[in-house]
Amino acid sequence: MEMPGVAAAVVLALILIIVNLAGQCSGQLQFGFYNGKCRDGNGFQRNVEDIVKQKVREKFSSDTTIVAALLRMQFHDCFVNGCDASILLDVPNGEKTAPPNLSVRGYEFIEDIKTEIENTCPGIVSCADIIVMATRDAVVESDIKKMGTGWYPVQTGRRDGRVSSAQNVNLPSPSIPVPQAIAAFSSKKLSTIDMVYLLGGGHSVGVAHCGLFENRLYDFKNTGNPDPAMNTTLLKTLRTLCPRNSGSPNSANLDQDPLKSSSVDKSFYEQIRLGNGILEVDQQLALDPNTRFPVARIAGSNDFSFQFGLAMIKLGAVDVKIGRDGEIRKKCAAVNSPSRSSGGKFFNLFG
């Protein structure tokens, strides 16, 4: 299906701007890195990004929650040791076992994509790149208007890491103060504006379980009262959903607009300006002097997808492994054997 003229123009402008910025943010990562590098057993050239896109489209048709799952996976991977797919490794005391990652989903799906690519052109495509490509394609699928405006180009050429340790996992909590969140993102060379787009865009889909926000409903910061920043109508709804000290397994949509809670768009920003933030950090984005003006601008803007795409590309360039660093795993859940990690053809792609 062809994109409408406006959407196509936006995408073209995005490509031109990002190509100009690419050298500043990502070193040797490239747009179209795999072009011409994937040939099947019959010698026919295959488009790696098309393979990933088709797998994501099929998955989304039966499970729309894959969008939130992949956004979370990319964030959790890139924030720990960089975007190197270390979160995928099944090793003792690996990143998967850290408390913030116990509810991360989508591992089997990434492995499924990897298997299909390996069956087509083995030893070529990294798991780290698959996470980034699949996340982009899931964002596109979430576009309820199906106009293609959620699309953004992704840079590829990452290598997979060989180390995964729960001790390295230090992710911003749902109640982190905004200034501390800004510092955490800054440590990854991401600006305050990047943070606003990444947190807001990432939380425009998905849910939060009662345990992550129950304190805001009954005893905010040990005051014995609810969070005064929460909309009173939402407070009543959430108290019914999450009775006090009940250990309820229930969850609430992070975007409180029921018509847009499955789409990566600017609706989240509109909702937090109304006091409808579920997580404390989300609500504080609309109140903190460092972020309230960007939030207001995004809520009233028409370029959310464009700006979100830029922020996602910067996130995808955090501490990447390229060239001869890392490896191209055969399976995403396990590092290669020593003989496979140092073979000739796996390095030729990057030399």
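Glycine is no exception: its Cβ is also placed from the backbone N, Cα and C atoms.
According to TrEMBL, the active site, proton acceptor annotation covers HIS76. Cβ environment of HIS76 (active site, proton acceptor): ILE87, GLU95, PRO100, ASN101, VAL104, VAL169, LEU171 lie under 8 Å away, each six or more residues apart in the same chain.
The feature Ca(2+) 1 binding site is assigned by TrEMBL to ASP77, VAL80, GLY82, ASP84, SER86, GLU95. Counting every protein chain shown, 29 other Cβ atoms lie within 10 Å of the Cβ of SER86 (Ca(2+) 1 binding site).
Annotation comment: TrEMBL describes PRO172 as substrate binding site.
Summarising the annotation, TrEMBL assigns heme b binding site to HIS203. The Cβ of HIS203 (heme b binding site) has 28 neighbouring Cβ atoms from other residues within 10 Å, across all protein chains displayed.
With a cut-off of 8 Å between CB atoms and residues at least 6 apart in sequence, the same chain places SER267, GLU270, GLN271 near ASP257 (Ca(2+) 2 binding site), listed in sequence order. Residues annotated as Ca(2+) 2 binding site in TrEMBL: ASP257, ASP265.
Residues annotated as disulfide bond in TrEMBL: CYS38-CYS121 (among others). Here CYS38 (disulfide bond) comes close to GLN45, ARG46, ASN47, VAL48, ILE117, THR120, CYS121, ILE124, VAL125: these same-chain residues lie at least six apart in sequence, with C-beta atoms under 8 angstroms from its C-beta.
The disulfide bond feature in TrEMBL is assigned to CYS78-CYS83 (among others). A sphere of 10 angstroms centred on the C-beta of CYS78 (disulfide bond) encloses 28 other C-beta atoms.
The feature disulfide bond is assigned by TrEMBL to CYS127-CYS332 (among others). Long-range neighbours of CYS127 (disulfide bond) (same chain, six or more residues apart, CB within less than 8 Å of its CB): ALA85, LEU88, ILE110, LYS114, ASP160, ARG329, CYS332.
TrEMBL lists CYS210-CYS242 (among others) with the feature disulfide bond. In sequence order, CYS210, PHE213, GLU214, LEU217, SER248, ASN250, ALA252 are the residues near CYS242 (disulfide bond), counting only same-chain partners six or more apart with C-beta under 8 A.
Taken from TrEMBL, the feature domain 'Plant heme peroxidase family profile' covers 28-336. Looking only at the domain 'Plant heme peroxidase family profile' (28-336), the predicted model's pLDDT averages out at 95.
Under the heading signal peptide, TrEMBL lists 1-27.
Same-chain residues at least 6 positions away in sequence with a Cβ under 8 Å from that of ARG72 (site 'Transition state stabilizer') are, in sequence order, VAL104, ARG105, GLY202, GLY206. TrEMBL lists ARG72 with the feature site 'Transition state stabilizer'.
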Count of other CB atoms lying within 10 Å of the CB belonging to ASP84 (Ca(2+) 1 binding site): 29
Cα separation, HIS203 (heme b binding site) to ASP84 (Ca(2+) 1 binding site) (Å, whole number): 23
PRO172 (substrate binding site) and VAL80 (Ca(2+) 1 binding site), Cα-Cα, nearest whole angstrom: 11
From SER86, PRO172, HIS203, ASP265, the binding-site residues whose CA lies within 10 Å of that of CYS78 (disulfide bond): SER86
